[in-house]
Amino acid sequence: MSRFSAPPPRTLFASKTNFDALAVDSGEDTEDDENVSEDTTPENLVEQPTKLTKSAIKKANRLARLERKQRQKSKTQPQAHEGITEIVTDPPPVSAPVAPAIHIQDISLESPLQNVDGPSSFSPPPVVTPREQEKSFVSCPPMESERSEPDSSSNSESPSLTQVRPLVATLESPIHGVSEKTSLPDLSPPAQPNVQDSEKTKKRQILLTRTLWTFIMIGGFVGLLLLGHAYMVLLVMLCQTLVYREVTALFSLKSAAPESRDKEDLKGKDPWSKTLNWYFFAVTNYFLYGESIIYYFKHVVFADAQLLPFATNHRMISFTLYTIGFMGFVMSLKKGYLKQQFGLFCWVHMSLLLIVMSSHFIVNNILEGLIWFWVPASLVICNDCFAYIWGVTLGRTPLIKLSPKKTVEGFVGAFWSTVIFAVIWGTYFMQFNYMICPVHDLGVSAWSSMQCVPNPVFVWKNLELWRPLATLLTWVMGRVVLTIPYAPYQLHLLLLAFFASLVAPFGGFFASGFKRAFNIKDFGHSIPGHGGMTDRMDCQFLMGVFTYVYYSSLIRQNNVTVGGILQTIVSGLTVEQQLELIADLTRYLGSQGISVT
């Protein structure tokens, strides 16, 4: 007898029992799933899928897609599968006819589809363990982009998705907990680049570049030092030019918003022309370096008739040139940009004061003797290096907010290291005449023979010890020790070391605050691995100015020189007075037994 007394007047539905058997896998396991025993009836159970690895699942899906494409090209119809499929679902309720993850099994049916309503038409669902659910994605339906194509699984016994849909279509109520647009999660782990390795490689490359260019700069610096005073002056002028370019490049009116609607068209040009920037730079250098040449080379300048007009009228010529630049600035003013232009005018003059004026003092240090340039610059470099070494080794306490990497431990350690280094370094170089003699000829080099009367600070003296201290040293050293030799320059080295360690770093802090104000990391890229020239010269400018002021105030001797007398004669006496002076000087030398022809 048939299970149904009459054919149903409408599409048949599965009973509640059989509907619950349609277990769509939602990826979540409950405790009940682990306790359900499997149905081992051979007619209602197909062979359980083997546990596959993720790589095997990927490979199976790829082969299935290739097989589908081949079937489409050959236009072959998929063979009908005998029987009906059973879908195992695990509900969270979302309505859709297709499950995102299903386990398909063959169920043999002896009756047609109309007999589904009977209680015995379906066998109990097989038990699927959580581990098997994770491993059996190979039998899942394709993703949304593939659902229009017939499914082909790596398991030949599993029916295609088109064979599952007839049963789902007969259900008037949708299967809750399944969304049609739900796609399978990507089981493959995302490929994440090794960020730490790339950062380490980048830091290592930056460190190598920085180290390489550090030795290149030190080697070039020492080489120019050996070539002579003229090359050192050219080096300072080159550095100041690069610094001036980097600092003035921070300002431009091309991107500045006009102050009012009543403005003139810029026509794509900056109203504060770069020509005016460099014009003021050239005029300032002409005035300052001209003063240095006239002062240190009086015996050459005032003895040459062609250079004499420039020497006697140097300041008037400099003022005339500056006035021309000032008039050019006034003529370049544009409506709508007046505030910005006057701001740039002030900025350029401040740059000239801080950069060109400081460079002028550094050049004067070179002409007074290379030791007054070489040793102070070395002290700044030494302090910077030891501040880094001590900061990395012992640094814990931040020193100043403008430079977060500076530490109190590095600052103090660099101070004592620089003091010790200054005494040793300066004492070694004070024994060379090439380093301590003022320049009188720009053609000299380290291989030239220079002779001069040394400044008294370089002359060794003996300090008489206190009697008890002398007795103690005599007992300790085993010989009589009554005095200790010293040079006054060593005491000056201590003061220079104090300034290089305690004050000069604030030039670097000033530059750090300046960069933060403009939201930049470096002033430029003039030196690979080090940034711009301004980043390396920020402390040197302050140290150079202090050295010149200290030397001219406490160390320099204002002796009468031939150049000074010649300058007085040329600029203060008329031609008749100069001839009278020559006649008197000739008679004096004749009385001393010296003939003048």
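Residue 1 is the first one shown; counting continues down the chain.
Each Cβ is built from the backbone N, Cα and C atoms, and glycine gets one as well.
TrEMBL labels come from automatic prediction, so no person has curated them.
On a predicted model such as this, the values are computed, not experimentally measured, just so you know.
Summarising the annotation, TrEMBL assigns compositional bias 'Acidic residues' to 26-41.
The compositional bias 'Low complexity' annotation in TrEMBL covers 151-160.
Annotated region 'Disordered' per TrEMBL: 23-163 (among others), in sequence order.
Residues or ranges marked as region 'Disordered' in TrEMBL: 179-200 (among others).
According to TrEMBL, the feature transmembrane segment maps to 207-227 (among others). For the transmembrane segment (207-227), same-chain residues at least 6 beyond its ends with a Cβ under 8 Å from one of its own Cβ atoms are 234-235, 370, 374, 445-447, 527-530.
Annotation source TrEMBL lists transmembrane segment at 276-296 (among others).
According to TrEMBL, the transmembrane segment annotation covers 316-333 (among others).
Residues or ranges marked as transmembrane segment in TrEMBL: 342-363 (among others).
Look at TrEMBL and you will find 369-390 (among others) tagged as transmembrane segment.
Counting residues 6+ beyond its ends, the transmembrane segment (411-430) has Cβ neighbours under 8 Å at 371, 374-375, 378-379, 382-384, 386-387, 389-391, 394, 399, 436, 458, 487, 489-490, 493-494, 496-498, 500-502, 505 in the same chain. Summarising the annotation, TrEMBL assigns transmembrane segment to 411-430 (among others).
The transmembrane segment feature in TrEMBL is assigned to 465-486 (among others).
The transmembrane segment feature in TrEMBL is assigned to 493-514 (among others).
Distant neighbours of the transmembrane segment (465-486): none; no residue of the same chain at least 6 beyond its ends has a Cβ under 8 Å from one of its Cβ atoms.
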